[in-house]
Amino acid sequence: MHACMLAALRLNGFPCKRPENVTADDFFSSALALPGNTGNPVGSAVTAANVEKLPGLNTLGVSMSRVDYAPWGVNPPHTHPRATEIIYVLEGSLDVGFVTTAGKLFARTVCKGELFVFPRGLVHYQKNNGGAPAMAISAFNSQLPGTQSLAVAMFGASPPVPTDVLARALQIDGGLVETIKSKFPPK
């Protein structure tokens, strides 16, 4: 039995259970069994199986996600600040890529049965390049990898990032920044 399950304390911010309270359900999840709803503006759905949903992962340093893609759907540019991601394509094919801190894009097509690695903290994306649904499984070397969407971080922050800052950084008009912000209401 994992050490975290042996004490009544919190480790990594998550509760550890006393041994007499541990069950097989702490190590089981069916979270990835069903497809996610891809009927959204980006055409993808990420379903996580991390320590928040699977307590037995606490301190183990691993987690997974299922990513479903509508035809031509995109998992928009994002980062995982606490993990490297490896994606395995189960159905369809994806155009994927990541950008290094030097601004170099590494991109390619990944087909059914193939995998691709996104290094920790680097901006990356995936796009279904076909007219049929696609699906992939992602594995992470963290129990809680975190995800930060670039668009949401810039245009949906609360309080908002000042429009003049974004306009200057992106070299676009402030009115366009406001139009984009309207598509990402703060959470």
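Yeah, the Cβs are placed from backbone N, Cα and C, and that goes for glycine too.
In TrEMBL this protein carries:
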- 30-178: domain 'Cupin type-1' (DOMAIN)
- Asn75, His80, Glu85: oxalate binding site (BINDING)
- His78, His80, Glu85, His124: Mn(2+) binding site (BINDING)
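Other than the site residues His78, His80, Glu85, His124, same-chain residues with C-beta atoms no more than 8 angstroms from the centre of those residues' C-beta atoms, the Mn(2+) site, are Thr79, Ala83, Phe98, Phe118, Leu122, Val123, Pro145, Thr147. If you take every residue in the domain 'Cupin type-1' (30-178) and average the pLDDT, you get 97. Cβ packing within 10 Å was compared across the binding-site residues His78, His80, His124, and the lowest neighbour count falls to His78. Sequence-ordered, the extra residues of this chain that approach the oxalate site, with Cβ no more than 8 Å from the Cβ center of Asn75, His80, Glu85, are Ser65, His78, Thr79, Ile87, Phe118, His124, Gln126, Ser138, Phe140, Pro145, Thr147. Recorded residues His124 (Mn(2+) binding site) and Glu85 (oxalate binding site) have their alpha carbons 10 Å apart, per Cα-Cα distance. Using a 10 Å radius centred on the Cβ of Glu85 (oxalate binding site) and all shown protein chains, the other Cβ atoms total 25. His78 (Mn(2+) binding site) is 12 Å away from Glu85 (oxalate binding site) when you measure Cα to Cα. Taking the Cβ of Asn75 (oxalate binding site) as centre and 10 Å as the limit, one finds 26 other Cβ atoms among all the protein chains shown. Under DSSP, the residues of the domain 'Cupin type-1' (30-178) split into helix, strand and coil as follows: 22 helix, 59 strand, 68 coil.
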